[in-house]
Each structure stands twice: as structure tokens, then as C-alpha cells.
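To start, the structure itself, in C-alpha cells.
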Amino acid sequence: MTKYVGAIDQGTTSTRFIVFDRKGQIFSVAQREHEQIYPRPGWVEHNAVEIWLNTRTVILEALEKKGLSTSDLAAVGVTNQRETALLWDRKTGEPLYNALVWQDTRTDQLVARYAKEGGQDRLRAKTGLPLATYFSGLKLHWILDNVPGARAKAEAGDALFGNIDTWLLWNLTGGPDGGIHITDVTNASRTQLMDLEKLAWDEDILKLFNIPAACLPRIVSSSERYGTGKGPLEGVTLSGILGDQQAALFGQACLHPGEAKNTYGTGNFMLMNTGEKPFPSTCGLITTVGYKLGDAKAVYALEGSIAITGALVQWLRDNLGIIKNSADIEPLARTVSDNGDVYFVPAFSGLYAPRWDDSARGVVCGLTRFANKGHIARAALEATAYQTREVLEAMVKDSKVAIRELRTDGGMVVNELLMQFQADMVNVPVVRPKVIETTALGAAYAAGLAVGYWASTDDITQNWGVDRRWHPHMAAEQREHLYGSWNKAVERSLGWAR
């Protein structure tokens with residue numbers, strides 16, 4: 001019997017291949033970063049070919065590290081940065097343009113146009129999403145309108161559209177030589193083109209955005225046998241697809257209504273399982289598909305998305321040179337006892353949930369001659385916690401469910417200063433699991449369940465375990481003073497891009 005399940009974790013800054021055992025423990029991992037392309041202010045692109053080549057490389061490296069072959073893998077799943085979208089030539093496999101990253105704001109004029117005609121929430125009832133630059137349907141709209149020849153190819157069926165999951169699955173199954181053109185329900189729900197209840201492309205929205213159905217992938221469940229790999233995964237069953245945040249929800253064993261997790265990565269993403277019916281938000285959150293296992297009913301989620309959290313640490317490293325490595329942020333922040341009344345609002349791509357303001361831009365408030373780089377570092381970390389509190393409060397108000405603990409995952413959860421401050425700010429315990437790579441683990445679970453490697457979701461629940469728990473210690477008066485000052489800083493960030 002095969003011993004392992006693999007997961008491709010294609011994120012905003014890097015691609016990893018992780019091999020898991022039956023207990024959900026990491027057996028092998030390889031990782032490669034890819035270039036971030038910034039052609040203009042607000043524009044963010046990725047080279048999709050570079051991402052595909054990195055994917056091939058990390059698969060081979062992770063297997064070679066432990067002397068594994070593809071025959072040791074029962075199945076492989078894919079999880080991906082959602083909303084990042086591209087259009088490519090069906091015959092050659094060449095992208096017609098760089099992938100437009102989820103943070104990219106070039107569709108702001110399209111958002112304004114459609115919002116003016118019918119309001120920002122005109123598509124929320126069908127899609128669960130407000131009009132925003134975040135989602136990939138309008139990114140496709142921009143490519144079709146601005147890349148020479150793109151629309152003609154798309155209408156003829158000679159160009160294929162997809163988020164990164166679709167791009168990788170197509171290449172992994174042969175590319176121009178019979179590649180499978182599919183996307184799962186979680187990724188499709190991030191395009192703003194899918195009807196949440198019907199789980200199908202919506203003809204009225206396609207007509208509104210002038211998008212040809214011929215270029216769209218077939219929508220499938222998150223866990224089923226899609227096909228067999230070629231190239232680096234020759235002969236391996238490909239059987240799991242989940243957008244990264246839904247994968248983390250699944251990997252965190254949030255399998256019952258009311259259970260929630262918060263991922264700390266390039267951005268922050270809090271998701272709460274709401275069961276088998278879409279739960280409309282009135283507090284600025286989005287309604288999305290959580291997962292769908294084969295023929296079972298889809299499970300839905302409420303989500304609060306924060307654009308810039310870990311990316312702010314990268315910005316301090318790469319753009320300002322305040323730190324040499326991302327891990328240096330915590331010791332630098334610990335050189336000061338508090339934030340020195342400095343507040344950082346990292347609205348580099350506007351503000352996402354619950355405010356949804358594309359006009360906001362980043363600001364630092366409260367600077368005096370007393371402030372130093374330690375205060376800047378601390379303010380950057382605290383910004384993540386303030387934004388998370390804002391989303392958590394909206395989620396509690398929407399769902400009418402009190403969150404008793406916050407399950408966390410992602411790269412930033414190794415930062416103990418941040419985790420303690422997060423517990424203080426939301427006033428509930430913050431929990432870090434033993435395996436923090438829950439995004440990749442969720443994709444592995446989806447793939448493994450489809451082929452019987454794991455018998456049921458009970459195995460997922462049994463595998464989950466606590467590594468550390470942080471309890472709130474901050475006095476209520478101090479907590480509310482800090483949060484009130486943060487909100488004052490947010491008001492200063494609004495309206496800059498108008």
C-alpha cells in the first residue's frame with residue numbers, strides 16, 4: 001500500500017510540495033520563491049510559466065530528498081492563491097499575459113463603473129461577493145479588453161481561463177497534449193462568475209461582464225478523481241483541489257458550523273464554517289464555498305479577507321531595509337515595550353473586509369522624534385491583530401455565534417509576540433496546531449479522502465492537535481484605547497486613491 005499523500009501549495013510568494021503521512025505529519029518538503037512583478041503602482045503580476053516550472057522542480061526535489069518515487073504517492077492535491085488569474089493559449093500553453101495577482105487593483109475603474117450602475121452589492125445575492133478589485137472575474141474582463149487578440153481567442157475556445165489551480169492541473173495532466181481544464185467549487189466561488197447555490201457559471205453575470213463561456217473551466221468538487229498526472233507526477237492520481245484559505249479551514253478540522261480559523265500569510269483570512277446553506281453577510285464579510293467532498297452537499301463559509309499582513313513584513317524587509325530577514329521582525333519589535341503611540345495601516349491594495357474601500361492607501365500615524373524602527377516593527381505586527389479583531393467582530397455579529405477560541409495557521413504564527421497580542425486584542429484564546437502547514441494539509445486530505453487513503457473526515461479530526469495556546473492578559477481599558485487609536489488611524493487612510 002502506498003505510504004503518503006502529496007500536496008502542491010502554490011502561494012503568493014512561493015510554491016511548495018509537501019509529502020504527508022497518515023497522521024498528517026510532514027515527511028518531506030521543498031520550496032521555491034517566484035518573482036513579484038510591479039509594473040505600476042497598484043499592479044501586481046506573476047509569471048505563470050515560472051510558477052509552473054517551480055512546481056515541477058519542488059515536486060522532484062521533495063521526492064528526491066527522501067528517496068521517494070511517484071509510486072509512493074496514493075494521490076496529490078492542489079491548493080493555490082485564490083483570485084490570481086490568467087488566460088493562456090490552448091494549443092501552445094503560453095500565457096497571453098502575466099497572471100494578475102489577487103492584490104492587483106487595476107480593475108478599480110471597472111469596479112466603479114459596475115457599482116455606479118447597480119451598487120457595490122449588486123452581485124452579492126448570487127455570488128456572495130461585493131464588487132471589488134480582489135476577485136478574478138473582472139481581472140479576466142481586463143485581460144480580454146486590453147491584451148491584443150485575447151478576446152477573439154477566448155470566444156473561439158482557443159484561449160483558456162483559470163485561477164492558478166486550473167493552470168497547474170492543466171499542465172500536470174498534459175497541457176496542450178490533453179490537459180484537463182477544471183476548477184473546483186472553492187476557486188470558482190472567487191471569480192464572482194459562479195452562482196453560489198447552483199455551483200455553476202451564471203449566464204447573466206457572464207453577459208454583464210462580456211465574458212465568453214468558451215474559455216471557462218468545468219466546475220468540479222474539491223475531492224474526486226480528476227485524472228492521472230504526467231511529467232513529474234507520472235501515473236499519480238490527482239484528486240483534490242481547494243483554494244488556499246478553504247484548504248486551511250479543512251486542514252484545521254473546522255468541519256462543523258461555528259468552527260473558525262485564521263490564516264496568517266501574505267494576507268490574513270478568517271473563515272467560519274456555516275454549514276450546507278450560503279449564509280448572507282450584512283457586516284462586510286463575504287459568503288464563499290468552504291469545500292465540497294465528491295457528491296456530498298457543498299459546505300459554505302463566511303470569510304473576512306485582509307489584504308496585507310505578512311506582506312507588510314516583506315515590505316519592511318525589501319523596500320525599506322529595516323530588517324534583513326522576515327524572522328527579524330519579532331526581535332526588533334521586542335526592543336521596545338510598546339508601540340510608542342505609532343499605528344500602521346497597511347492599505348497598500350485598499351482595505352478589504354469589512355470596509356471594502358479601494359480608495360484607501362497605507363499610512364503610518366503618530367510619529368514623533370521618539371519613534372524608532374522598533375516602534376515601526378511593533379506597529380506593523382499590531383496592525384495584523386487590529387485588522388483581525390475587526391473581522392472577528394463582524395463574523396460574530398453576522399453569525400450570532402460567539403467564537404470561543406481562534407485557531408491559527410500560516411507562516412506568521414511562529415511569531416509569539418504577535419500571537420500574544422492577538423489574544424489580548426480579540427480577548428479569546430489563540431491556538432496554534434501541531435502542524436501549522438494546514439493549507440497544504442487540507443489539500444492532501446481532500447486528495448486522500450477521494451482515493452480512500454483516509455477513510456473519513458473523522459481521521460482529520462483525530463489528527464488535529466494543539467501545539468500552544470495563548471490566553472488574553474491585557475486590561476480591557478488598555479485594549480480599547482489601542483483599538484480606538486487604530487480606528488482613528490484607519491480614518492486617515494481613506495480616500496487617497498480617489
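Just so you know, glycine gets a Cβ as well, placed from its N, Cα and C.
What Swiss-Prot lists as ADP binding site is THR12, ARG16, THR266, GLY310, GLY411, ASN415. Listed in sequence order, ILE329, GLU330, LEU381 are the same-chain residues at least 6 apart in sequence whose CB falls under 8 Å from the CB of ASN415 (ADP binding site). Under DSSP, ASN415 (ADP binding site) is assigned to coil, being neither helix nor strand in the three-state scheme.
Taken from Swiss-Prot, the feature ATP binding site covers THR12, THR13, SER14, THR266, GLY310, GLN314, GLY411. When secondary structure is read from DSSP and collapsed to three states, THR266 (ADP binding site) falls in the coil class. Counting Cβ atoms from all protein chains shown, THR266 (ADP binding site) has 27 others lying within 10 Å of its own Cβ.
Same-chain residues at least 6 positions away in sequence with a Cβ under 8 Å from that of TYR134 (sn-glycerol 3-phosphate binding site) are, in sequence order, GLU83, TRP102, SER305, ALA307, TYR352. Under DSSP, TYR134 (sn-glycerol 3-phosphate binding site) is assigned to coil, being neither helix nor strand in the three-state scheme. Feature annotation from Swiss-Prot assigns sn-glycerol 3-phosphate binding site to THR12, ARG82, GLU83, TYR134, ASP244.
The glycerol binding site annotation in Swiss-Prot covers ARG82, GLU83, TYR134, ASP244, GLN245 and is backed by sequence analysis. The secondary structure of GLN245 (glycerol binding site), as reduced to three states from DSSP, is helical.
The sn-glycerol 3-phosphate site, placed at the center of the C-beta atoms of THR12, ARG82, GLU83, TYR134, ASP244, has further neighbours from the same chain whose C-beta lies within 8 angstroms: ASN80, GLN81, THR84, VAL101, TRP102, ASN163, ARG190, GLY243, GLN245, GLY267. In this structure the residues listed as binding ADP are THR12, ARG16, THR266, GLY310, GLY411, ASN415; their two most distant Cα atoms lie 21 Å apart.
Checked against GLY310 (ADP binding site) by C-alpha proximity, the binding-site residues THR13, ARG82, GLN245 yield THR13 as the nearest.
The CA atom of ASP244 (sn-glycerol 3-phosphate binding site) is located 10 Å away from the CA atom of THR12 (ADP binding site). A simple way to gauge crowding: the CB of GLN245 (glycerol binding site) has 30 other CB atoms within 10 angstroms, across all the protein chains here. Within 10 Å of ARG82 (sn-glycerol 3-phosphate binding site), judged by CA to CA distance, lie the following binding-site residues from the set THR12, THR13, SER14, ARG16, GLN314, GLY411: THR12. Within 10 Å of THR266 (ADP binding site), as judged by C-alpha distances, the binding-site residues found are THR13, GLN314; the full candidate list was THR13, GLN245, GLN314.
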